[in-house]
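K.L.:
Here's the feature list from Swiss-Prot:
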- 2: N-acetylserine (MOD_RES)
- 2-83: domain 'Sm' (DOMAIN)
- 181-196: compositional bias 'Polar residues' (COMPBIAS)
- 197-212: compositional bias 'Low complexity' (COMPBIAS)
- 219-235: compositional bias 'Basic residues' (COMPBIAS)
- 241-277: domain 'DFDF' (DOMAIN)
- 248: SUMO2 cross-link (CROSSLNK)
- 310-326: motif 'FFD box' (MOTIF)
- 330-350: motif 'TFG box' (MOTIF)
- 351: omega-N-methylarginine (MOD_RES)
């Protein structure tokens with residue numbers, strides 16, 4: 001790095017060339033010797049600028065809020081402009097913290113305390129709480145007290161270009177580890193403190209992590225609470241696994257073969273023939289024998305083929321000839337046969353679960369205030385009045 005040894009580099013305008021032959025210009029903000037990184041603020045990329053490289057890059061007009069460079073990939077660093085002189089407090093090691101007013105002459109200190117590194121928590125030493133954002137102007141004023149940067153001692157490499165708004169960035173605290181009693185510029189006397197920058201940063205980070213953990217635990221508590229309220233109600237019984245006889249269908253239903261059995265044309269012909277036969281008998285006045293009457297009573301299936309017009313004959317009898325199971329079979333159907341018939345006709349019915357429609361069902365849960373509508377119905381047959 002070029003420049004004299006007595007030049008305060010913090011706040012200076014730096015020209016940085018990476019090993020990719022890309023030149024950047026920005027304001028030197030922090031130097032992290034532990035991670036071998038350099039942070040520049042208000043950075044602009046000028047591209048490769050006719051330097052020999054396999055991948056030439058054009059210049060860019062965007063101004064990045066900050067860029068963090070890693071040590072081993074930086075080729076050259078040049079100080080373009082030193083920081084402007086600031087009228088600040090004398091370099092007193094007793095000063096722990098100071099705050100400048102809104103009329104500060106620093107070009108990087110607006111009316112509101114500002115720091116371009118407020119959202120850099122993943123970089124460790126560069127992350128700090130919002131109280132440390134006021135140290136930017138103070139660090140520029142105390143820049144002469146920082147040791148000069150020797151050439152070649154801090155290898156720096158371009159790590160990544162990270163863009164971000166100024167409201168989401170944190171500043172690094174550039175104070176010595178030991179602190180004593182100090183004063184602030186607003187006239188109040190500060191209390192003695194021996195906390196370092198890391199001591200101030202760690203409680204904020206631990207508190208933020210604790211808030212995140214609490215937010216993650218709240219949905220789990222709500223879900224567990226819902227489970228407790230569901231299991232406490234007495235009326236909601238768990239449905240038992242009842243094995244029911246399911247009907248197995250083998251293959252699809254053949255509608256063509258079923259319709260072939262019912263030939264309407266042949267049925268209509270037989271129906272007309274029987275109607276004509278009855279009309280002839282009525283005209284001739286022939287009386288039916290008893291054998292014919294008994295035969296017609298024993299064979300109701302033949303009369304059923306006559307169609308809907310012959311189901312009821314007023315002159316013959318008051319009752320109709322509609323087929324009934326009571327006439328065809330003397331045995332009464334059992335409950336299982338009736339259930340099977342209903343299943344074949346209407347399909348399998350769904351299971352009825354108790355206690356799903358209301359809280360606690362008929363019995364009611366704890367404290368739901370449900371009462372029985374007819375309490376005397378359970379006393380039937382006991383002999384009480």
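Yeah, the Cβs are placed from backbone N, Cα and C, and that goes for glycine too.
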K.L.:
DSSP on the domain 'Sm' (2-83): how many residues come out helix, how many strand, how many coil?
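P.N.:
Split into helix, strand and coil, the domain 'Sm' (2-83) gives 0 helix, 43 strand, 39 coil.
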K.L.:
Please count the residues of the motif 'TFG box' (330-350) that DSSP assigns to helix (H, G, I), strand (E, B) and coil.
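P.N.:
Computed counts for the motif 'TFG box' (330-350) are 12 helix, 0 strand, 9 coil.
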K.L.:
For the residue listed as 'SUMO2 cross-link', what is the secondary structure state per DSSP, taken as helix, strand or coil?
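P.N.:
SS state of the residue listed as 'SUMO2 cross-link' = coil.
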K.L.:
Kindly state the mean pLDDT of the motif 'FFD box' (310-326) in the predicted structure.
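P.N.:
Across the motif 'FFD box' (310-326), the average pLDDT comes out at 73.
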K.L.:
So if I draw a 10 Å sphere around the Cβ of residue 248 (SUMO2 cross-link), how many other Cβ atoms end up inside it?
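P.N.:
Result for residue 248 (SUMO2 cross-link): 5 neighbouring Cβ atoms inside 10 Å.
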K.L.:
DSSP says what for the domain 'DFDF' (241-277): how many helix, strand, coil residues?
P.N.:
21 helix, 0 strand, 16 coil
